[in-house]
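Report on one structure; see the data block that follows.
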Amino acid sequence: DRQTLLAVLQFLRRSNLRESEEILRREARLLGDDLGAAALSPAGTGLLGAPGGDADSTGGEALLSRVTAAAAIAIGGSAATLLLYANTFAVGGGVVVEDQPDVSAVLSAYNQQGDPTLYEEYYSGLKHFIECSLDCHRAELSQLFYPLFVHMYLELVYNQHESEAKSFFERFHGDQECYYQDDLRVLSSLTKKEHMKGNETMLDFRTSKFVLRISRDSYQLLKRHLQEKQNNQIWNIVQEHLYIDIFDGMPRSKQQIDAMVGSLAGEAKREANKAKVFFGLLKEPEFDVPLDDEDEEGENEEGKPKKKKPKKDSVGSKSKKQDPNAPPQNRIPLPELKDSDKLDKVMNMKEAARRVRLGPDCLPSICFYTFLNAYQGLTAVDITDDSSMIVGGFADSTVRVWSVTPKKLRSVKTAADLSLIDKESDDVLERIMDEKTASELKILYGHSGPVYGTSFSPDRNYLLSCSEDGTVRLWSLQTFTCLVGYKGHNYPVWDTQFSPYGYYFVSGGHDRVARLWATDHYQPLRIFAGHLADVTCTRFHPNSNYIATGSADRTVRLWDVLNGNCVRIFTGHKGPIHSLAFSPNGRFLATGATDGRVLLWDIGHGLMVGELKGHTDTVYALRFSRDGEILASGSMDNTVRLWDAVKAFEDLETDDFTTATGHINLPENSQDLLLGTYMTKSTPVIHLHFTRRNLLLAAGAYSSQ
């Protein structure tokens, strides 16, 4: 509009950018005199202070200040690009550049020219238009209701039309989808301009453009309607605060849209899921597997044991060929295998040879560890890969480690006693342990707040715990003492997890970022920023090159460890995400949230490929069986459910069309995939673990109510 143009021209003149000014003036057909006149006009009418607001933050001055901020980025661009940069804080893939954007700059975009009394009319007019449009367009255009409702309400509040804002809210908030109820509750508490300054949700909504995916036909229909009606207020909001991702082809159905929407910032842009992801597994190092005693006669001439016999094809000979989708072996530096790790791998292979092949006709046995009398409040559980130890994190800030085998937990002897040991003896590793310390339970003290996440290292020498006190602690399982406290988060840390190769670990917290650490660095190596609310859960991909994070903004993101980029954004959950699990082959991701749904994602194509409905409360635990045939989910509804993962992932529609438009067709009924439901008496399930032989372990604290 003319006012904006004049502000930009004025700015260009001040900056001595004559050429750009000329070009822009020619394009806009404005004469030199207009510019002078606008600058000279009296305060009541012209650019420098529209009536009804403070002069410094209204009209031209606000525009000028916003343009100035943007000029650094796009000097000499046309006015359109200048303003575009001024209004978007998000640069490149939705990463907010400034951690706390300047509030007044963000809010000043709400200086409206519209008549406050007409807002209800504008909105109901659009609502009537959409409800009367053809079915095929109605579902797509209905996505506009929520973001427009929020922005129009905030605009009224910002311009201090409090009574109009209240009546607007009361009239239309009931029309919004049920999964926005929590956001609307926050919104209803913002009734004055002052409230908006410190509200993070509000700022996020303002700074990140709400993304809608709409077919070209529906978009043209909307545009024509708004332009005919001269409904500039709504059109301005659409252009300034929404990002409409237009695709060619059939409009999507209500089911297809419902499956994908619900996050704080709308859907993901299709570009966000285009980057190549190396989801394949790394090649296992090759080493000789000593045969069992009964196979002694199979030794070859030199007396060396042969390689694993081909009949046991499970692990020993599985990964000789490089997976075409795997990352290069040296893409990120991984720790060298120690002898003890090799020994453990051999044990793992032997166990795997005796593993039960699961399937619809052969379900796993489930062994449930119930924490009784856990009046300290159980907040986190983890089980070692070899299922020998279990750890609980508690609300009384303790970490408790139990041995679940007959072998007791022992500490290393004191330095004085160690000096007496013969270092050359064969059983030196046995001798350094102090029998006097043997016990089934060790309690670790050190945190000063509830412990929300725990994770054993793959070699079982270390344990991580993270807490409300903002720290992540690394404990030694040799001495049962704290080795390091990692301080990087300033707020509660909700989850932490070791990499499948050890050495690296990830943490996520209330400060909305996930951090990647290495055990020997006290500063994080990477900071993954982009979520709009708390990072509630974190998981490493089996090849350790990627990290998945789930958040209270109702999205799941996949991050590249190498460069810190966000390579996937998955939207579709209607509540904060609390559990993540990668399939053993690295191709798929399962996610669970407070909406009780488990969603399945194809990582390579960046698509949702399944939805498992059945739980009636938050899904806190997800785990694939060792061969990936079965997915187990555990929930606050006191049940463990088993799903047929093979069937869920077979014959997926991942053709180019689906990938390009996101037209996903989920089977109507996920009951065909449900293999079994197992109730506990009154114990919410907060952790699941498959042993190396595919026995399913579950854990939770008995609740008496």
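Numbering starts at 1 and runs along the chain as displayed.
Backbone N, Cα and C atoms are what each Cβ position is placed from, and that goes for glycine too.
Positions annotated as compositional bias 'Acidic residues' by TrEMBL: 289-300. Residues or ranges marked as compositional bias 'Basic and acidic residues' in TrEMBL: 312-323. The domain 'TFIID subunit TAF5 NTD2' feature in TrEMBL is assigned to 114-242. Taken from TrEMBL, the feature region 'Disordered' covers 289-343. Feature annotation from TrEMBL assigns repeat 'WD' to 371-412, 444-479, 486-517, 528-569, 570-603, 612-644.
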Checklist entry - Sequence-remote contacts (6 or more beyond its ends) of the repeat 'WD' (486-517), Cβ cut-off under 8 Å? => result 334-335, 449, 452-459, 462, 464-474, 523-529, 531-540, 542, 544, 547, 549, 551, 559, 561
Checklist entry - Which sequence positions outside the repeat 'WD' (371-412), separated from its termini by at least 6 residues, show Cβ-Cβ distances below 8 Å to it? => result 344, 347-348, 418, 432-435, 437-456, 458, 460, 463, 465, 467, 469, 475, 477-480, 686-687, 689, 691-692, 695, 697, 699-702
Next on the checklist: Using DSSP, what is the helix/strand/coil residue split across the repeat 'WD' (570-603)?
Outcome noted: 0 helix, 19 strand, 15 coil
Item to check | Residues from the same chain, set at least six apart from the ends of the repeat 'WD' (570-603), whose C-beta lies under 8 A from its own | outcome: 179, 182, 259-263, 266-268, 277, 279-281, 325, 533-534, 536-543, 548-552, 554-558, 609-624, 626-628, 631, 633, 635, 637, 643, 645, 648-649, 652, 654
Checklist outcome for this item: Summed over the repeat 'WD' (371-412), the DSSP helix, strand and coil counts are 0 helix, 20 strand, 22 coil
